[in-house]
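S.K.: Straight from TrEMBL, here's the annotation block:
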BINDING   Gly110, Thr111, Asn112, Gly113, Lys114, Thr115, Ser116  ATP binding site
DOMAIN    23-96  domain 'Mur ligase N-terminal catalytic'
DOMAIN    109-309  domain 'Mur ligase central'
DOMAIN    331-461  domain 'Mur ligase C-terminal'
MOD_RES   Lys219  N6-carboxylysine
Amino acid sequence: MLLTSVVQDMEFNKIKGNMEMDITGIAYDSREVVEGSLFVAISGFSVDGHRFINKAIEQGAAAIILEKEIEITEGIAVLQVPNSRNALARISANFYNNPTDQLNVIGLTGTNGKTSTTYFIKSIFEQANQSVGSIGTIGTMINNKLIQNKNTTPESLNLQQFFTKMNDTKVDSCIMEVSSHALNLDRVAYSKFNIGIFTNLSPDHLELHKNMEEYFFAKAKLFELTSDFNVINVDDEYGQKLINIVKVRQAKLITYGIENSADIFPTDIEYTFEGTTYTVNTPAGSIRMKVNLPGAIYVYNSLAAIACAYCNDIPLSVIQKGIQEVGGIDGRMEVVYRQKDYKIMVDFSHTEDALEKALTTIKPYVKGRIILVFGVYADTSESGRDKRYGMARVASEYADLSIVTSDNPKQHDPNVIIEEIAGAMDEHQGDYKTFLDRKEAIEYAVEVSNENDTIFIAGKGHERTQIIGDQEIPFNESEIIFEALKSKKYFVKSK
């Protein structure tokens, strides 16, 4: 594609060089540059891509997009722009001929519930004989092949490549988790979303957004990109705020909820530990639903999926089967081991709100103690301390014994994190032990558990690694659990 076509509709500060040259590809990592590439220099949080411009030219880059005033070798086309990330999104969409124009794209945003809602939607659409792709926390799925993502929402270039691959392999619909980080960094800019879904908002990632207002407005950016429907949780405080913003826009508003008046709502809800049944009421009629995951949170997430399916004119009988076919979700209220009333569960809950909802869901079904294993990944800012304090409060209130340990400490000192959690546990008079090593924490929980107890391991869910410093270490909680269980007299080698 000619450079002039690749950069069509882009905003420039300066242009220098031949705009009629042929561009063979795009790269934002100099190691990915091939002969004839357009290299985009991005000022990252830890690495500045401008430092690698010469390396990109050595690799064969024919053109450079940059923000800074830098002297570039003669014969190289140079385009200076106000925002390299936005430019990357624009040229990626151009280079791949705007692939979202050929896809039914559903974007989900919110603090909690995105992954399980994705599973419900995918199952419904597959029951409707659609080919479905997905992009999110667990990875990118195209024709049942999983590609691991570095981020929940990939960089804009990778995203457009995934959309293109979905078109090439005849995928009908793409369901994508859209993080606030991705929205702020323009990763989804110039993509078209047929439907946007808002699940909920509670404190998280405040080291990036400073406060809840900034966090909310980052999430709200998704709904500037939707064309057909906006699906919003009417019971959420920020959902109500979003409704007031989007109700005047072209995309049709569809609401869902349990407590407030909504377009999609449940009646006759029956909760058990194994799951929930309810009658869903929609503008297209009513039908009984069975959700194979416990608690109100999965009622909400299934309602969001039902609303999405309704927007796609899928019959209620197909929706019913799709919801029921979701038997369990990796790392979401997952019962890894059960022997009568003894249970060990793994869950991704890593915020105060998610942990509270998870523990209040299981508490009525626990005959013995709730033994909670958890850590908190958050930076050392005030928002990070608030997150640790909030999760410690929840642990103190709902768990009979908490094992405080490391999560993914990354660059932060795990000892400091654990000390702060322990201080908050003391303040709330929680019963707890501390272990720096998460494996040892899980082993201790199993060791001290009794036959009526439930061990709830929170924070990592589906993850199979632990990030400590710069190292990503293999870490499989299920394997650790089963190894530890070998010492229990009532252990039976099955779930």
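Placed from the backbone N, Cα and C atoms, the Cβ positions cover glycine too.
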S.K.: I need the CA-to-CA distance for Gly110 (ATP binding site) versus the residue listed as 'N6-carboxylysine', whole Å please.
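M.R.: That separation, Cα to Cα, works out to 7 Å.
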S.K.: Show which residues of the chain containing Lys114 (ATP binding site), separated from it by at least 6 in sequence, have their CB under 8 Å from its CB.
M.R.: Leu108, Gly136, Thr137, Glu177, Thr199
S.K.: Could you give the mean pLDDT over the domain 'Mur ligase C-terminal' (331-461), rounded to a whole number?
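M.R.: Mean pLDDT for the domain 'Mur ligase C-terminal' (331-461): 94.
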S.K.: Going by DSSP assignments with H, G and I as helix and E and B as strand, what are the residue counts for the domain 'Mur ligase C-terminal' (331-461)?
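M.R.: The composition, in the requested order, is 56 helix, 31 strand, 44 coil.
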S.K.: Looking only at C-alpha atoms, tell me how far Gly113 (ATP binding site) is from the residue listed as 'N6-carboxylysine', rounded to the nearest Å.
M.R.: 14
S.K.: Within 8 Å of the Cβ centroid of the ATP site residues Gly110, Thr111, Asn112, Gly113, Lys114, Thr115, Ser116, which other residues of the same chain have their Cβ?
M.R.: Leu108, Thr117, Glu177, Thr199, Asn200, Asn301
S.K.: By DSSP assignment, list the helix, strand and coil residue numbers for the domain 'Mur ligase N-terminal catalytic' (23-96), in that order.
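M.R.: Counting residues per DSSP class in the domain 'Mur ligase N-terminal catalytic' (23-96), I get 26 helix, 17 strand, 31 coil.
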S.K.: Between C-alpha atoms, which of these binding-site residues comes nearest to Lys219 (N6-carboxylysine): Thr111, Thr115, Ser116?
M.R.: Thr111
